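> The structure follows.
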Amino acid sequence: MSNTIICFGRKLEHFSSNSRSKLSCFNQSYRGLISTCFRFLVFRVNPFWVQLAYFIVVSLVGFGALKMSNPKSGSVSPNNIDVFFTSVSATTVSSMSTVEMEVFSNTQLIIITILMLVGGEVFTSMLGLLLGRFRFEKRPSFDGDIVNSISNRGLQSDCSLTSKNISQEVELGRITCSALANEKPITDLESNKNLTSDSKSLKYKATGYLGYLVLGYLLVVHAVGSSLVSMYVSLVPSARKILKTKGIDIRTFSFFTVVSTLANCGFVPTNENMIVFKKNSGLLLLLIPQILIGNTLYPACLRALIWVLDKMTKKVEFSYILKNWKEMGYSHLLSGLHSSFLAATVFGLTLVQFILFCSMEWNSETMDGFSSYQKVVGSLFQVVNSRYAGESVVDLSTISSAILVLFVVMMYLPPYTSFIPIKYQKKEIEKEKVKGSQNESAGKSILECVLFSQLSYLAIFIILICISERQKLKEDPLNFNVLNITIEVVR
């Protein structure tokens, strides 16, 4: 009996050992497969297709989450195409919706908030930065191995270690026997590679610092912004009454609005957008800075933050980022001069819009019921939103055509448009020519060959919409006209 038990125990131990080894082998294979797929995405696939796949996957996940959660009690559940359109609109922060926002329950509003957060340009650029960091991973150094190998084997007089054999062992190019007999070329080569390795290592660390800095930027702005908005709504009876009447939770409204504002999406949990808060000037003033630092002023704020951290911490990584902003490969990171002119341009365009808007709309029906102070704050909020944010405190259909055309021009301008003096512009062009001359001979990809300008895409889609909606253009010219279509497409 005892022998049987011992035999059974040994078999059980053997089975357990084999199971652990097989499980370990499976885990290693699984990890290896994931690592291979990840590296293929990072190094081989065009970033355009990676981003397209990212937005499609997130939109589908958001659609599924919205469908599984129930709408607000007493509301009719939207159909599938409307829910999917809302999910895509939130993910791409385009703020276009075919469903009234008050139809969505608190859970659905939270889901839309998450979609806007992960689809925002700053967040996606941070993901690209962290993924791009893997391109600068330090590769194993072969210099020490080859030097040790040579010293251990000794320099044989018959030069049996040929350059062909060495080139198969290390990627150092062609090394002849005479080079092996001389220590100086090896020492110089080792020194040069150490310098290159140090530079790559510093760039690798700096890229990581920049990625975590952008993440911290998002977390702090969202936390501070949502706290301030929540505090304001809780303390101001008129704002609190609006949300209570509509059945919207204060914390959900605060986080939803701040995420939407910072991502420049334009979604607000109310059907009337920000029109119901047009007299809550304090709330509008809290949102204006978030609109700017999340879009047009983001590069200037990011560089200023890096400069402050460099002065405070004295870390070499921050200094490297400031001096080598172009080599960092982060499109939102600009030079100090460019950032300064960008900030000046943003405030200049805002001032021009503010003056024109006030001069045209001050005494119009658009501003009926506003006090002078509310008119100033409301006008400032509206003109700041004209560049991409999409939130509104006035009915755009009541604004004069001249102001609408001005808004169309402002929406068409790229976010980082800046007016740089000619002398500085020439210097930037010369630098770009020097750095870009090496890539002139490189052929263009198929994707680059079929790309058009932004204006071409706008014209194409405006024409297509006018063709598809030609019947409504005839039957309902008030709501369906070329100007309204142009505004929506450009927006």
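Even glycines carry a Cβ here, placed using N, Cα and C.
The shown structure was predicted, so the numbers you read here are calculated from the model rather than taken from an experiment.
According to TrEMBL, the protein has these features:
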- 48-66: transmembrane segment (TRANSMEM)
- 109-131: transmembrane segment (TRANSMEM)
- 209-233: transmembrane segment (TRANSMEM)
- 253-271: transmembrane segment (TRANSMEM)
- 283-309: transmembrane segment (TRANSMEM)
- 329-357: transmembrane segment (TRANSMEM)
- 393-413: transmembrane segment (TRANSMEM)
- 445-467: transmembrane segment (TRANSMEM)
> Looking at the stretches 48-66, 109-131, 253-271, 283-309, 393-413, which one shares the most CB pairs under 8 Å with the transmembrane segment (329-357)?
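Result: 283-309.
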> For the transmembrane segment (109-131), what are the same-chain contacts with Cβ under 8 Å, counting residues 6+ beyond its ends?
41-42, 47, 51, 54-55, 58-59, 62, 65-66, 69, 86-87, 90-93, 101, 207-208, 210-211, 214-215, 217-218, 222, 248, 252, 255-256, 259-260, 262-265, 267, 269, 294-295, 298, 329-332
> Using Cβ atoms and a strict cutoff of less than 8 Å, what residues sit near the transmembrane segment (253-271) while being 6 or more residues removed from its termini?
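Distant Cβ neighbours of the transmembrane segment (253-271) are 89-90, 93-95, 97, 100-102, 104, 109-110, 112-113, 116-117, 119-123, 218, 221-222, 225-227, 229-230, 233, 242-243, 246, 287, 290-291, 293-295, 385, 388-391.
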